[in-house]
Amino acid sequence: MSQIFAINAGSSSLKFQLLAMPEERIIAKGIFERIGEEDTLFSLTVEGQTVKESLPGITHKQAVSYLLDTLHQKEVLGSLENITGVGHRVAHGGVHFKQSALVTPEVLRIIEELSLLAPSHNPINLQVIKAFQEFLPSVPNVAVFDTAFHQTLAPEHYLYPLPKRYYEQYGIRKYGFHGTSHKYIAYKAEEVLAQENLRIISCHLGNGASICAIRNKESVNTSMGFTPLAGVMMGSRSGDIDPAIIPFLMEQEEMSSKAIIDMLNKESGLLAVSELSNDLREIQFAYARGSSKAALAINMFVNRIAYTIAQYHLDLGGVDAIVFTAGIGENSAIIRQKITEKLVALGVHLNKEANETSQICIHALNSSIKLLVLPTNEELMIALETLELIS
Ligand code: ADP
């Protein structure tokens, strides 16, 4: 039996799954939250039983050590020799990685170099990879890049209309993110529909949100850009805005570039418009009670997603299926209904009953585009890519 860790480390969190492969069975899963703060929260689920603990503030490296010790003590791991690989979600692979990569000193060097493009993520990913190398020295690590799936974009889609020297000197171009999720959806949708060579629009709608145009399991265009701030409106991120707003505010409010970026990442989007929350569940609740701010937030969110889908309909020259995934895509019937209502001109028709009950296929019989709700599974995708590279 082969056991593979799928690791997803963020700036203050570390999510993990231990999977038995190739059966795709989850042995253990959990999360460390508030890493680097006074108390770190640790949650571990094994065989349906969840244990939660509060730990005195720890680092990412200490979290890895604690995780391995805990799994060992609980005899979840059995022998460490059962662990055959560790797959890491890595934020930025730049133009260097079109696929996942077995971690070598050279791969580590490039991930470090790319910290310039992902300063709050790549350094954390490096720390966590190095921790696993230290604690499990004989186990190979694999880097699964969030950007890799979008390396198939054509220059007309990845270049910005800016002086070329910025692209040449700093690599300023569209990279796109959520690649692991969009790739999983590309394969899963073809499997579910039992068809190949499809044109799919994948809508990953979570706290972060991005849309991806896919042809024959390759990314053609995607809404996030040079950073994950671009594209559609998100929980607390603005998505695309007029770029001239930034220097205007910097001058008027004497804001630093850090203050501006923090505002665009953490105080904008659904949170800013609803003046309530970045969590769609709370906004939906307020909307149901007649809140006009919640209605405005929902409409703006829906519009931007629908416009992007329409744009990708043009890029793909027609669409076979639109897929909704991630927290909002998988769970919010009202958001799916409102998006699809805006797409009637494309021949999209929703089966409202199927939508209300979040069935897999939610299109009406007369819809010219199929509509699917598919749970994304980035951890499984990471484990599959890891298994492939270590075998
Ligand atoms: P992240 O990008 O943090 O991984 P998720 O994919 O977990 O985000 O999605 C989080 C979003 O999904 C939140 O806005 C949350 O409100 C929304 N969400 C989760 N469950 C539901 C639900 N049952 N109905 C509506 N929205 C939901």
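Here the Cβ of each residue, glycine as well, is placed from N, Cα and C on the backbone.
Just so you know, TrEMBL annotations never went through curation; they're auto-generated.
The annotation active site, proton donor/acceptor is assigned in TrEMBL to ASP146. According to TrEMBL, the Mg(2+) binding site annotation covers ASN8, GLU378. Residues or ranges marked as ATP binding site by TrEMBL: LYS15, HIS204, LEU205, GLY206, ASN207, GLY208, ASP279, LEU280, ARG281, GLY327, ILE328, GLY329, GLU330, ASN331. The substrate binding site annotation in TrEMBL covers ARG89. The site 'Transition state stabilizer' annotation in TrEMBL covers HIS178, ARG237.
Spatially close to ASN8 (Mg(2+) binding site) yet at least six residues away along the chain are LEU14, LYS15, PHE16, HIS88, ARG89, GLU378, GLU379, ILE382, judged by Cβ distances under 8 angstroms.
It is HIS178 that, of the recorded positions LYS15, HIS178, ARG237, ARG281, has its Cβ surrounded by the most other Cβ atoms within 10 Å.
Candidate recorded positions: ASP146, ASP279, ARG281, GLU330. Those with a Cβ under 6 Å from ligand 1, in sequence order, are ASP279, ARG281. Ranking the recorded positions ASP146, GLU330, GLU378 by how many Cβ atoms sit within 10 Å of each one's Cβ puts ASP146 at the top. Only ARG237, from the recorded positions ASP146, HIS178, ARG237, place their Cα within 10 Å of the Cα belonging to ASN207 (ATP binding site). Listed in sequence order, ILE305, PHE324, THR325, ALA326, GLY327, ILE328, GLY329, SER332, ILE335 are the same-chain residues six or more apart from LEU205 (ATP binding site) with CB atoms under 8 A from its CB. Each residue contributes its Cα atom, and for ASP146 (active site, proton donor/acceptor) and ASP279 (ATP binding site) these two points are 23 Å apart.
Under DSSP, ARG237 (site 'Transition state stabilizer') is assigned to coil, being neither helix nor strand in the three-state scheme. Looking only at the binding-site residues ASN207, ASP279, ILE328, the densest Cβ neighbourhood within 10 Å occurs at ILE328. The number of other Cβ atoms within 10 Å of the Cβ belonging to ARG89 (substrate binding site), over all protein chains shown, comes to 24.
Largest CA to CA distance in the ATP binding set (LYS15, HIS204, LEU205, GLY206, ASN207, GLY208, ASP279, LEU280, ARG281, GLY327, ILE328, GLY329, GLU330, ASN331): 22 Å, whole number.
Following the DSSP three-state reduction, the secondary structure of HIS178 (site 'Transition state stabilizer') is coil.
Cα spacing between HIS178 (site 'Transition state stabilizer') and ARG281 (ATP binding site): 22 Å, rounded to the nearest whole number. Counting only the Cα atoms, the space from ARG281 (ATP binding site) to ARG237 (site 'Transition state stabilizer') is about 17 angstrom. Reduced to three states, the DSSP call for LYS15 (ATP binding site) is strand.
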